[in-house]
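Step one of this worksheet: look at the structure below.
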Amino acid sequence: MKSVAILISGGGSNMLALLDDMAKGDHPARPVCVISNDPGAGGLARAAERGLAVDAVDHRKYRGDRPAFEAELTRRLKAHQPDILCLAGFMRILTDGFVARWEGRMLNIHPSLLPKYRGLHTHARAIEAGDEEGGCSVHEVTSELDGGPILGQARVPIVPGDTPEALAARVLSAEHRLYPAVLRRFAAGDRTPVLL
Ligand code: GAR
């Protein structure tokens, strides 16, 4: 049984999807903690309501000193001994040192069909480009931003008149199906991409 820590920055809907799936008896992993870089993140209260250990390391206190922020994050994570780290709407860029420490054990969900649209404003960029499809990707985190090996993708249509907000909502529903499916496979030692 693998232990999973989830890092969030906001509402944590992907985190809840992961927790819901891990609550099922046949899952090869169990959640051990949810940590945010923002003490006010709505997802922390939602995780606590479910009995999860929650914690926050406020990045603003580190004034841009990423290694110091990550050293504290590492210290808090160590208390829970996770095998796998899931980034779920975690909006901090991580240093190469932190990424190396978690190599092969850290996943991220990104709201585009990578390698298209790394970074921010993915939905606006997909609409602007005239794409007929959008979607989301779960990938291993490497030192290349949004660039690690892809472990799964889910596609959704882009319809005429779509707005970034409407597309984001459609993609988010797909994220809630994709991330749990990938984590299940990954925790069982299978890195075959999940395609939805
Ligand atoms: C999700 O759409 C996720 O893909 C995105 O933030 C949202 C978090 O929602 N992540 C990124 O953009 C990472 N660069 P949630 O807090 O409800 O899970």
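Every residue, even glycine, has its Cβ placed from backbone N, Cα and C.
Caution: TrEMBL annotation is automatic and unverified by curators.
Note that the coordinates shown come from a computational prediction; the quantities given were computed from them, not determined experimentally.
His110 (active site, proton donor) falls within a strand when secondary structure is assigned with DSSP. The active site, proton donor annotation in TrEMBL covers His110.
Gly12 (N(1)-(5-phospho-beta-D-ribosyl)glycinamide binding site) falls within neither a helix nor a strand when secondary structure is assigned with DSSP, and so counts as coil. According to TrEMBL, the N(1)-(5-phospho-beta-D-ribosyl)glycinamide binding site annotation covers Gly12, Ser13, Asn14.
Annotation comment: TrEMBL describes Arg66, Met91, Arg92, Ile93, Leu94, Asn108 as (6R)-10-formyltetrahydrofolate binding site.
Marked as domain 'Formyl transferase N-terminal' by TrEMBL: 3-183.
Over all protein chains present, the Cβ of Asp146 (site 'Raises pKa of active site His') has 17 other Cβ atoms lying within 10 Å. Under DSSP, Asp146 (site 'Raises pKa of active site His') is assigned to coil, being neither helix nor strand in the three-state scheme. Annotation comment: TrEMBL describes Asp146 as site 'Raises pKa of active site His'.
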(Q) Measuring Cα to Cα across Arg66, Met91, Arg92, Ile93, Leu94, Asn108, which the record gives as the (6R)-10-formyltetrahydrofolate binders, how far apart are the two most distant ones in Å? (A) 19
Q. Which binding-site residues from the set Gly12, Ser13, Asn14, Arg92, Ile93 come near ligand 1, judged by a Cβ under 6 Å from any of its atoms?
A. Gly12, Ser13, Asn14
Q | Cα distance (Å, whole number) from Asp146 (site 'Raises pKa of active site His') to Asn108 ((6R)-10-formyltetrahydrofolate binding site) | A | 8
Q.
Looking at the domain 'Formyl transferase N-terminal' (3-183) alone, can you tell me the average pLDDT?
A. 97
Q.
For a quick check of packing: other C-beta atoms within 10 Å of the C-beta of Asn108 ((6R)-10-formyltetrahydrofolate binding site), how many?
A. 23
